[in-house]
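What TrEMBL annotates here:
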- 62-169: domain 'Cytochrome c' (DOMAIN)
- Cys75, Cys78, His79, Met205: heme c binding site (BINDING)
- 250-267: transmembrane segment (TRANSMEM)
Amino acid sequence: MIRIIAILGGLFFAVAAFWALGVGAYTAMTVETEETVEHEFYVHPKDVSFSSDGPLGTYDRAQLQRGLKVYQEVCAACHGMKFVAFRDLGALGYTEPEVAAIASQFQVPGVDPTTGEPVLRPAVATDYMVGPYPNDIAAAAANNNAIPPDLSLMTKARHDGSAYVYSLLSGYGPIPAELKAAYPDFETPQGLYFNQYFHNLNIAMAPPLTAAGQVTYSDGTDATISQMSKDVTAFMTWSAEPKLEQRRQTGFVFIGFLIFATILAYMSKKQVWAGAKPKKRKD
Ligand code: HEC
């Protein structure tokens, strides 16, 4: 009796599963989903490579320094990098006095020593690279109601990380004619900017890098829009994972040790069992 019930129960679930599969497949084949402009014209990040890619990749210090310069001269007007302290910039190859000099070019909130009033003061090495706005309300008010996000961890916070950030920065452009033809009603609202790499095609950030030579590189690199985008993205990749090189190094040493330990274990097993004869099986 129990057996019959069990079989019937199993049969019931099997039929239900097949039924659901059938209905799902039929729906997927027959229902027409309306194509949206975002789905049709959003563009996946460009194929771009950085020296830190791959298991053996390392940061290009000169590029990180250029990226810092782009951040400092362009992005810092709106974005903070609150998880990066100026002293961390030593990892980009700067000496202590150089770090202090860079820090002193940034303003951070402080207190007037005589009146106790809040003021802005030049940063020192131990300060963090905070954003320019005292709070989110001020940030939103100054940017058409959109808050410029902190950039310290941005390359970790978006799908396709560095490639996405690079594509976004270098991807502003006019609305393509095909889009206008397919969606005549589409328009970029006042205060937003068309960018095919942004998920809804309209971003509240005005194109930050608009002209070649906007930043003057001291190492003579040609400051094209693409180059500046790439350098600042490399800098953000570093800020999101400053210990990347050490992590990989430790990983390689560890794997080397594991291989060594495995060989050792195999050899000692051989040694320990060398004298033992295989038992004769009785059957
Ligand atoms: C005039 C102010 C301003 C400047 C300068 C600026 N940004 Fe932005 N940025 C914004 C605002 C506002 C947003 C929010 C946009 C939104 O959500 O629509 C934003 C968003 C972003 C985002 C996040 C996009 C996303 O996927 O949510 C990144 C990355 C970014 N900015 C990078 C940069 C970099 C790098 C620079 C310097 C080259 C820079 N920004 C310069 C205002 C600015």
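Backbone N, Cα and C atoms are what each Cβ position is placed from, and that goes for glycine too.
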Where Cys75 (heme c binding site) falls in three-state DSSP terms: helix
For Met205 (heme c binding site), the three-state class that DSSP assigns: coil
Neighbour count (Cβ, 10 Å) for Met205 (heme c binding site): 20
Overall pLDDT for the domain 'Cytochrome c' (62-169), taken as the rounded mean: 96
Secondary structure tally of the domain 'Cytochrome c' (62-169) (DSSP, helix then strand then coil): 51 helix, 17 strand, 40 coil
Neighbour count (Cβ, 10 Å) for His79 (heme c binding site): 24
Among Cys75, Cys78, His79, Met205, the record's heme c binders - longest CA distance, Å: 11
Under 8 Å by Cβ from Cys78 (heme c binding site), counting only residues of that chain that are 6 or more apart: Gly131, Pro132, Ala139, Ala142, Asn143, Pro148, Met205
Cβ neighbours of Cys75 (heme c binding site) where a neighbour is any other Cβ within 10 Å: 22
